[in-house]
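K.L.:
Below is one structure. I have some questions about it.
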Amino acid sequence: MAGVPPYGMHSPTQQPRYPSYSPSTRDRQPYSGNDPYQHPPRTPPSFAPPSSLSRSPHFARPPSPMNTTLPPLNGTVVNADGSPPYHGHSGSATSGYTLPRPFGGSLMSATSHSPPPSYSHASGSHSHPSNIPDSFSQSPKRESEPYDVRSDRTGPVSQTPARPASPKESKSARSNPMSFANILSGPADEPPPRRSSPPPQTYKSSTLPPIAPTPKVDKEPLSEPEKRRGSSHYETAYNEMPHRPAMNGFTPAKSPLAAMPSPLSKSRKLVDEEEIDKISRENIARALEQIDALDNSDVEAPGFEQEWERYMAKSRKRARELDAIEGRKRKRRRTEFLGKLAKMFEKQALQGIERFNRIHEAEVQMEVQQKEIQEEKERKKDMQRKRRRENTVRHEMEKLNAAQKKANKIEDEAEKQKLAKEIARSKKKIKDTTLALERGEASQEISEVNPLAPNLEGGTTSSFHIRTKSPPPPKKRAAKGTSSRPRKSKEKKQAEKDAAEAAYAAMENEDLVPLAPKEDPRKTSLKKESKAARSKEPSPVPATPYDSKGYNQFYEQLWRDIARKDIPKVYRIKVVSLSTRQENLRKTAQLAAKQARKWQEKTNRSMKDTQARAKRTMREMMTFWRRNEREERDMRRLAQRQELELAKKAEADREANRQRRKLNFLISQTELYSHFIGRKIKTDKAQDSGDATTTAAIEGNGEGKVPDSLVPLPDGGAKVTSFDDLDFDAEDETALRQAAMANAQSAVQEAQDRARAFNGEENKMADFDEGEMNFQNPTSLGDVEVSQPKMLTCQLKEYQLKGLNWLVNLYEQGINGILADEMGLGKTVQSISVMAYLAEVHDIWGPFLVVAPSSTLHNWQQEIVKFVPDLKVLPYWGSAKDRKVLRKFWDRRNITYRKQSEFHVLVTSYQLVVGDAQYFQKIKWQYMILDEAQAIKSSQSSRWKSLLGMHCRNRLLLTGTPIQNNMQELWALLHFIMPTLFDSHDEFSEWFSKDIESHAQSNTKLNEDQLKRLHMILKPFMLRRIKKHVQKELGDKVEKDVFCDLTYRQRAYYTSLRNRVSIMDLIEKAAIGDDTDSTTLMNLVMQFRKVCNHPDLFERAETTSPFSVCYFAETASFVREGPFVDVGYSTRNLVEYDLPRLLCSPEGRLDVAGPGNNKAGFEGRYLSHLMNIWTPENIRESMSHNDAFSWLRFADTSVGEAYEVSHKGVFERAVRRRDYSTRLSLLDVAYDAEDGVNINSVHVHSLFNIVERNDRRALADITATGYMRELLNVASNVAERGGIRTIEPCAKPGASAPPITISCSGQAAIAEARATFFNTAVRHALFAAPTKAMEEEILSNKLDPAPYSLRPLLPQPGSMKGRYTNITVPSMRRFVTDSGKLAKLDELLRELKNGGHRVLLYFQMTRMIDLMEEYLTYRNYKYCRLDGSTKLEDRRDTVSDFQQRPEIFVFLLSTRAGGLGINLTAADTVIFYDSDWNPTIDSQAMDRAHRLGQTKQVTVYRLITRGTIEERIRKRALQKEEVQRVVISGGAAGGVDFNARSRENRTKDIAMWLADDEQAEILEQKEKEALEKGEELGAKKGRKAAGKRKRDITLDDMYHEGEGHFEDNSTKPSGAATPVSGDVSGVPGVKGRRGRGGGGVGRSKKAKTMKERLRLVDGEVD
């Protein structure tokens, strides 16, 4: 019901405060928040006003306090009937109904999620459902009616049923949101018009409308619902009052007649209906007559016009004022109410959102993820489709060009036309593909669709659908007969039925139905015949079927033939026809659709083309301007960049000139110093040892040089200028040259002063004249000639004597030096001779300090004692307590020791010098000798700094390889010997390490001038001789590279490793310089080298054995069992036969007599003796009568033997027969026959003999030749040919188990089993194994064991040839062939063994040495081993054994452990199984054999795997050797390719080793191109700031895992390090630090040692 009920009976001044709330009774849709406790307070409507007030003209109907068009708060649509969603409230000040309790039990829903009972009558609007009648009114003082909470409604207990909807009120389209009109209309459509209402009535203010006479109403009898309604407690007049439609949101007042209570309402049931009608008609007629009789009414009387107008004006004014006041109040109330409602709705909405999110969050996330994955897949598909189209366009363009060229050359017209077709086809394909590329999707073809239903305007939609990938929408049934298929008429349907009946009739007549067309005359005739037959015979008479056996068989045969042959054929024809027809119809429909669309395409194409052209023009214009702006911006940036580059270049040139002047100053200063010192100590003369090439080179280097005497020198009082105070920006270099001369003179003077002041008054150098030590006469002090000291027990060679002179001159000048003779030329003897010279000539007996690697400490001690017995040697090593005792012999009071001193020479290691530095620095040492000085190659190490702080007069460095890796190491040695001259300037360091090496990166020649200057600087401080120049009697050294190939297993491993890593990514990461990547690269290098050495370094072949299905012996503790545990016969099968104890006891045995078995004795007596036929008496009687035993005389058996045999078992008879021999072979001797004639004997012994007269032999002995002999004598043949008695079986069983035994709990069964298994006599007879007691008896009685050693009855088992085991050990033959290197080494060692050579075999990995030991054992080669784990005392004995025992063929050594301080001249062959990346390490190792004392030619073999990382490492080592030759030896620098890389690119260099030749060539080419553009390969723009770099992990640590630290690069203890018996931790000054850099126990998990890291990589750590 629309509108609100009438207001209460109040005066116009007493308007209701709150209008009544009456929601619509239409069906409402349920929504959240519609629970009863959420409804606003509802007030019942007030009573209807009286008729006088209703009809009063002063009564103005105020508008509804609620806005009728208030939008819904939760987004739902408004009511379909146009009624306002929120209706007015009652005008009473207090609510007539009590508010529903929000938490009451009667109105609360069953569950918090289930809808309340009122949801059964849901409303379509936003108002809350209510079943209170619209006309319900109640007094404000009246108590509210109780609510009835039921399953379908909520309201008062007694309630009038709702008024049914009017038949004229139809449900609008708006009320159905799924209607076609709602779907087609947009969200902004106007609301549908409300249902029709009567036009508004206008009232005149001057005159009142006349009252019409009361019409006659014929009352009809009340219906049953009206009766029920009348029986309610509401007034009948009000219930029966007709409802008028609302106008402007108000409900008009009731008519006076309707409002007045009828006097007959109380007695309606008592009065008859006829009397009521009669009284009503009479009253009405009487009232009409009275009205007609009146002339004028009171209202129509004149004279009240002005009063009426004044009254009406005041009424209108008052009404307007009241409306305004009420409007403001109403607005305020509405605002307040809506605010509360909005807050409540907002709270409910938020709770609903949270609840919805909580429920559907996971589902939404999954859906979004799936959507993203699907979008990513679609994007990839689009990219693939785009690439395919681009490739298609490119291929078609190539085909098009080729076809055009071919068409231009061909003259044949037919070929030209054919090519023209191909060209047109290619152009079309290119065009289509290009259009598809521009559109970004495939061409969409127009699909045929069914016509749509008519829209709101009455027509059909004019748009055409384009076929897409999405499935077509489901077909809807069109309205008003506009379906896609035309409806059939009745005639057509009847015709189809007739046709079907005709076909059925034809089939009944056994006539085939022809496939006739649609209008076939045959079909028409059939129809007519069927109709005529149907008309003539409306009810056919049923025919009696003919039944016979032949007929039925023939009938069934016909149907089978038809079903087998004709029906499939007809079906196929029908299917083909149908498919052809459908195809034709489809094509026709497509053509028709295309034709129908042409008119639309013509109209839309021009507009689309215009828009497309405009967009394209705009796009091109924007592209042009963007490109133009970008070009201008790039030009500006290019100009700025060029300016910056020019400025940088100018600044770089200025800085280069400054650095050049600075470098020239340093070199000039060093050259002046070197020239003077070199002339005095005669380095050239010491180096000149008869080699013409070297002499010529030296002389050539001196050409064009100004003599020293002509060099202008400053005065002696010239001021020394500090390096920082010099001005290197000035163009004039005169001041720099003068400063260099002054500084050089000062350095010489300072060295002399320091040497003189070291010993004070005892200084022997005081005899020299100070005036001679200047640059004016540089040759005055070089005339000192030194002869060999007498106390030296050996004879020095010529070059060694020259070296002694050079060392003595260095000492007398107070200058330090480097003795860099090649290994094996006697550096140790020369340094010892210097100490002997000082003791003999200058009476300086010490103290001398010799620091050497721990592996050579014993060698130094032995050499000093051997060559100079007068010098006392103090070996300083051992525990902290031992060293403390040794320090008591130190004499700190005397600077110079005498002959009577406690010691003269102290020999110690680098490790202990650094550890006890505080004690060593308190003593002034006369001479400090550092052996293997490459140990201090790093100027940043604590060892270098500690040794530099020692107080010593002179320092001497001994090294065979002054340059190992780069020039930086040589500079560190020079800086150590001359700290003041070779100061740690960055420019000087860069010139040594960077300028020379980086010069060779471009593969150009080295600067000859700089190289000459370098040689000139090094000459005074370093003496270098080579073996081939100074030692003529020493044999040559021949180096050979032996290339090996990868085996199949190695190649598989190598390829697998290469496939797991990306070489390009590694090189790009290496360019960044990350420490983690460096460690990863080194690990990869290690893995690749392992593959090249032997694949068993990754995975060893396992020892296999059959699966043992048995129980093994168990013991609680092997400690209690003694040293030897015999567990023979302890295994038991898992399957055992359990027997009762009775069966295994004597009581259960029938043949064993006992107290429990009485029958056994009876049977033994009677059956075995009395009734036995084998008794002697019975046998003898039978033989006398020629009965049963008469055959014994032919068997040569007596009666006693027959009786004995019958009472013994098989085993006893076999043992007895073992000693007997047949006499058949004797007949051959007694009766010889001629050759070839077989004469049989006729004696009694051989009357029944059917075999030859020979003893029975084994079949293997009878067959002398043929295949049978080979098969029967396999074991003997193998033993004869192979020299071994074992044969490998062809197959191994998969499982093994001991025999199944009987299990019984009785002791008797156990004793019987033991007696059976371990019967001494039986075992001796079967296996010929004498017992222990028998052997002791034979030995004690000194008997001959031959009679007691009988032939065993059982032959040797077959398992003895396989050594009684099924355990399979990995084949050593396969072990050798699995590695290409090992296979090549096997051949090489065989040749060397036959040639009488002895071999030194060097390895990089100790695990490979373990494998090599297995190989040498397999080949029976005698060997000895020395690696990092060898103790010092064992090391000395091992070297001595190899030198003195010629039968030792191979010496296994680790390159680092066996390459220092060892004399192994007994070997003449050196084999490097894997080369070191540092060539100097290999040179030291091979010089262990190629040194003084070697009389044979030394051959060096280097095994290299072809095409692997080893080949590239070898190339890199050759480049390093070339650096040493050029820099140190003074050779020509032409064509030298250092191919050196800077320190930053070391990781990239390692990564290049992993690439093959093609990849390396590509990478080098890319790097060159990148360098030309000014950018580095693989470098990224945004590099992170490098923090503290971790400790560099060198390849030395990676390669030499498990070896000792013989170079003492760290304080880690080693088995081959300094022989410390106690704790090294007792060294003062070296405390266990925690944290970074500390070697304490508290190492974190990340701070793993290199060995642990490698084990982790190799998979050896769990």
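Any Cβ shown, glycine's included, is placed from N, Cα and C.
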K.L.:
Looking at the candidate ranges 685-710, 1491-1516, report the one that Swiss-Prot labels region 'Disordered'.
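P.N.:
Checked against Swiss-Prot: region 'Disordered' maps to 685-710.
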K.L.:
Among the residue ranges 131-134, 155-158, 931-934, I'd like the one that Swiss-Prot describes as motif 'DEAQ box'.
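P.N.:
It is 931-934 that Swiss-Prot describes as motif 'DEAQ box'.
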K.L.:
Determine how many residues of the motif 'DEAQ box' (931-934) DSSP places in helix, in strand and in coil.
P.N.:
2 helix, 1 strand, 1 coil
K.L.:
Any residues 6+ beyond the ends of the compositional bias 'Basic and acidic residues' (390-399) with a Cβ under 8 Å from its own?
P.N.:
422, 426, 429-430, 433-434, 437
K.L.:
Looking only at G824, G826, the binding-site residues on record, which one has the least crowded Cβ, with the fewest other Cβ atoms within 10 Å?
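P.N.:
Each of the binding-site residues G824, G826 was scored by Cβ atoms within 10 Å; lowest is G826.
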K.L.:
Same chain, not part of D821, E822, M823, G824, L825, G826, K827, T828: whose C-beta falls within 8 angstroms of the C-beta centre of the ATP site? Give them in sequence order.
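P.N.:
Checked against the 8 Å cutoff, the neighbours are G960, R1491, L1492.
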K.L.:
Going along the chain, which residues six or more apart from E822 (ATP binding site) have their CB under 8 A from its CB?
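P.N.:
Correct list: G960, R1024, R1025, I1026, K1027, D1487.
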K.L.:
Through the lens of DSSP with three states only, how would you label T828 (ATP binding site)?
P.N.:
helix
K.L.:
In sequence order, what residues of the same chain, 6+ apart, have a Cβ less than 8 Å from the Cβ of D821 (ATP binding site)?
P.N.:
G803, K827, Q830, G960, L1023, R1024, R1025
